[in-house]
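K.L.:
The structure that follows is given in the form of structure tokens.
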Amino acid sequence: MLKNPATKYRSFKPIDLTDRQWPSRTITRPPIWMSTDLRDGNQSLFEPMDAQRKMRMFKTLVQIGFKEIEVAFPSASQTDFNFVRELIEGGHIPDDVTIEVLTQARDDLIERTFESLRGVPRAIVHLYNATAPEFRKIVFNLEKSGVKELAQNAARTMKRIAATMPETQFTFQYSPEVFSGTEIEFAKEVCDAVFDIWEPTPEHKAIVNLPATVEMSTPNIYADQIEWMHRNLKRRDSLVISVHPHNDRGTAVAAAELAVMAGADRIEGCLFGNGERTGNVDLVTLALNLYTQGVDPGLDFSNINEVARTAEECTQLPIHPRHPYVGDLVFTAFSGSHQDAIKKGFAVQKPDAMWEVPYMPIDPADLGRTYDSVIRVNSQSGKGGIAYLLEQGYGVVLPRRLQVDFSSAVQRFTDDSGQEVTSAQIWELFQQEYVQNATPVHYVGHSLSERDGREHIKLTVDINGTRRVLNGAGNGPLDALMHAIGVPVRIQHYEERALTQGADARAVAVAEMAGADVTGSAFGVGIDANLVTASIRAVISGVNRAYARVNAQAKERFFEAAMNDATESVGV
């Protein structure tokens, strides 16, 4: 690093806005939310989502409550084009959801973009071109007039093509890319020129998106930029001001919140902050920040763990354990004083009272989560902690979510005994909780065979003391097992590893089970010399623990399929 960074880096020039109003404002209603997980988020992945993962993400976004979703850059690839067509032709777009597509300012790309939208009832077409000085000079070699003319020509093309598709209600959106680094007066000039061509009205508004494509300043300066545009744009009553903050300086959430205070109506971002470089603004954090201030965000994260697992599986990116609201350690306290304060807070918290639990800005139950403290089990252990003792003493490496889950059982044990717990006691308790759980389903044995390219299982179990032989088929042993047992839960996560090495090696398998009637998720662990047997034992243990977490009505029908006369169940 340079001793004098001023020789290489310029400080950002503030906006002359001495009478700024945003610092005295508060946010009392949610902005319009626009998810760009399928476009900006997807293009930033090591391996972009395939069609199946894209569809899963789209349906998750709809379920959460997003009404505007940027789904593709149709002119960029045949894959994106085909996905838009599948959404339209497959009837996947709900009546209250509007899809958005992105296009650069070139006639052929615009034409291709509109072609992808044929037959859609309504859509947002998002036009952009870069306006910042370094892009004008280095990337495009254009003067200001050339950049403005490029945007105007593209705007005319969009208006002309849209007129030939009267069956679709189009909303036009324009972004001066790298707005955050563009001279503010020039950004206004280009935006005004585009909207003079589109001629939006208060009844049929256009969207002006003002992105911090690269976050270059403190959030207050971005807020000044937004307020200046809010005051000075022509046709303000016919425009929706949108912001698209990136997180290069780590302050995208603050920038978005201040931008709304400064006059923005709409925010573009991604779940959990996915996106180019350091990511787009995290829409989950923004929404739940509003929620903790008593404002309904209009997005439903009442099962945030499910949303998180979907996002991780679709993007192949892990969520940081300290990520606000959703990280595995967010509702975990290692400090004894923190644990004590939280425990006392829960003890006095009334169900209908205002939330006042120390160290916890939100009730984890509102997100479908629980408070679990990962306790320091033995001060003599050096590194301390349950996971450390199990790994060092018994070779069991706990996934983080299982570590948090098991810590509750250990906490109950230590509370009841009032004594320090030993590693041997932890191991015995672990086996009782997750490995030896044989009620109501007790594993007896199984056999596997392969026919017609599918795995077939013959599973012998005792269910509430009654011997049953169950048959199923699937794409692998676990798929076949789930079809055989026929319970209303699914394998949400599965992992396996060697427990010991050598001729007498044993394997440990961990299955995380979830279902509509199951509170949270339920873990099962299997340990056996045979890996497949270990995995079957893990799933059955997880099924037993899931059964314990459903209500009485769900319990009555939980094993209906298995208790009927067994016929082979084949997965599609």
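Every residue gets a Cβ built from N, Cα and C, even glycine.
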K.L.:
Given that Swiss-Prot annotates His244, His246, Asn280 as Mg(2+)-binding, name the residue from Asp19, Asp40, Asp479, Asp504 that shares the site.
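P.N.:
Matched candidate out of Asp19, Asp40, Asp479, Asp504, per Swiss-Prot for Mg(2+) with His244, His246, Asn280: Asp40.
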K.L.:
Let me know how many other Cβ atoms fall within 10 Å of the Cβ of His246 (Mg(2+) binding site).
P.N.:
24
K.L.:
List nothing but the one residue from Asp40, His244, Asn280 whose Cβ has the fewest other Cβ atoms within 10 Å; the candidates are the binding-site residues.
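P.N.:
Output over binding-site residues Asp40, His244, Asn280: least Cβ neighbours within 10 Å is Asp40.
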K.L.:
Average the pLDDT scores across the domain 'Pyruvate carboxyltransferase' (31-305) and report the rounded value.
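P.N.:
When the pLDDT values over the domain 'Pyruvate carboxyltransferase' (31-305) are averaged, the result is 97.
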K.L.:
Hey, does DSSP put Asp40 (Mg(2+) binding site) in a helix, a strand, or just coil?
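P.N.:
Looking at the DSSP assignment, Asp40 (Mg(2+) binding site) belongs to a helix.
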K.L.:
What does DSSP assign His246 (Mg(2+) binding site), in three states?
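P.N.:
Looking at the DSSP assignment, His246 (Mg(2+) binding site) belongs to a strand.
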